[in-house]
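Some notes on the structure that comes next.
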Amino acid sequence: MAARHNPHTMEHRLLKAVATGDTNLFKQVLGSQSSATAEQGEESCLRGVTAEGSSALHIAASCGYLELVKMVCAQDISLIKASNNMLDTPLICAARAGHIDVADYLMECAMDEQEDLRARNLDGETAMHEAVRNGHLPVLQGLMSRDSGLAAVVDENGVSPLYLAVASNRADMVKVLIGESSDGVSYSGPDGQTALHAAVYVSREISESLQRWKETLAREVDGYGRTALHYAALTKNLGLVKLLLADSSLAFVPDNEGLYPVHIAAIAGNVNVVCKFMKICLNYDELLDNKRRNILHCAVEHGRVQVVWHICRSPKFVRMMNARDGEGNTPLHLAVNHGRTMIFSFLMDARVNLNIMNNEGLTPLDVAFSKIHSDYTFSSCFLTGDGDRHSARARQWMRHDLVSIPSRFFQQEYQIMSPSPVAHFHQTWQLNT
């Protein structure tokens with residue numbers, strides 16, 4: 001940790017000199033102080049600090065005044081180790097501001113090079129963290145050439161400089177960090193994430209670079225048990241998903257909630273991505289989360305019309321249509337429970353068993369009667385006829401009438417979903433049947 005001195009308030013003229021880069025005023029202040037200091041045994045005025053605890057060297061380094069930095073160091077080299085209230089050293093200040101010439105000089109003057117270069121502030125960040133976060137490539141290059149071990153230091157949240165570079169979409173910085181001297185470089189991020197977890201959101205180029213650098217990154221999970229593939233499944237970037245699926249076994253890695261990447265894609269409504277996973281996961285109907293939900297359950301619950309539409313149109317997905325989750329609910333139960341009218345119409349199929357009861361002993365028809373919807377309601381249609389819930393009229397409605405919802409109702413929901421959803425389905429989802 002950087003050194004702390006017993007502070008006294010910085011003399012006003014000294015503050016003005018270092019804040020404005022006035023070397024003449026700086027010399028005058030030191031000249032007038034030197035004789036008095038020697039006679040009275042007082043501490044040098046350079047030991048004075050601002051309200052934030054910053055020394056003259058902190059201020060000069062932050063402002064990029066190289067001549068003043070040299071003059072201060074010539075008077076009191078120990079100030080290189082001094083830290084302010086945020087535990088920032090002068091080097092951290094220079095790196096944050098991007099003053100490469102000042103940073104280089106301070107690194108040259110470091111008395112204990114590794115200790116001084118790796119000093120951490122109140123957030124546990126080093127000069128390298130600050131250089132990366134603020135986008136100062138030359139400073140990063142200088143730090144790496146002096147001490148590549150800085151790339152192994154993480155902050156209080158476990159965030160490495162590499163993770164910051166990736167999250168900032170700085171491919172040039174990533175290249176510097178994972179270059180020839182990349183042994184020991186940390187790739188960690190918050191909540192147990194790796195740099196690859198962050199890369200899937202920002203850049204395929206960076207993702208490919210990280211994959212080439214360290215192939216095992218794709219298998220690492222974060223604090224939620226998710227691989228980078230889980231996060232890629234949230235995006236619509238099919239190319240990125242294919243890149244990560246170079247190791248197809250990753251498709252069968254569940255997170256802490258039992259969600260496989262295909263579940264995530266279904267929840268996000270990414271039909272192309274779901275399609276790709278289902279070509280790999282031939283036992284997709286057996287991939288269940290901790291609530292025993294398959295991908296159709298997830299798509300229905302989150303209202304992903306496009307995903308449900310495709311599953312319902314293919315005969316090979318019939319097992320999922322009648323599957324019960326941990327609460328005994330079929331996808332049809334969930335559609336009724338959440339008021340998913342259009343999805344309900346897709347699920348109304350001769351292959352669907354209308355008599356399946358959930359753990360509460362309720363069929364989808366029973367659930368419908370417990371729900372009241374404000375517009376086109378399930379319950380009002382069920383009550384048509386003699387009022388008997390189990391009348392032939394109710395069954396007929398479930399099998400036929402809702403499928404023939406007035407065209408204006410379909411058009412209204414389709415317009416919300418996409419301009420031409422049916423055409424989109426045919427174009428984007430091609431599975432071997």
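In case you wondered, yes, glycine gets a Cβ from its N, Cα and C as well.
Some features that TrEMBL has for this protein:
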- 123-155: repeat 'ANK' (REPEAT)
- 157-183: repeat 'ANK' (REPEAT)
- 224-256: repeat 'ANK' (REPEAT)
- 327-359: repeat 'ANK' (REPEAT)
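Per DSSP, the repeat 'ANK' (327-359) is made up of 14 helix, 0 strand, 19 coil.
Taking DSSP states H, G and I as helix and E and B as strand, the repeat 'ANK' (224-256) has 17 helix, 0 strand, 16 coil. Counting residues of the repeat 'ANK' (123-155) by DSSP class, helix then strand then coil, yields 22 helix, 0 strand, 11 coil. Listed by sequence, the residues of this chain that lie at least six past the ends of the repeat 'ANK' (157-183) yet keep a Cβ under 8 A from its Cβ atoms are 124, 126, 128-129, 131-133, 135, 137, 140-141, 144, 148, 150-151, 189-190, 192-196, 198-199, 202-203, 205-206, 209-210, 213.
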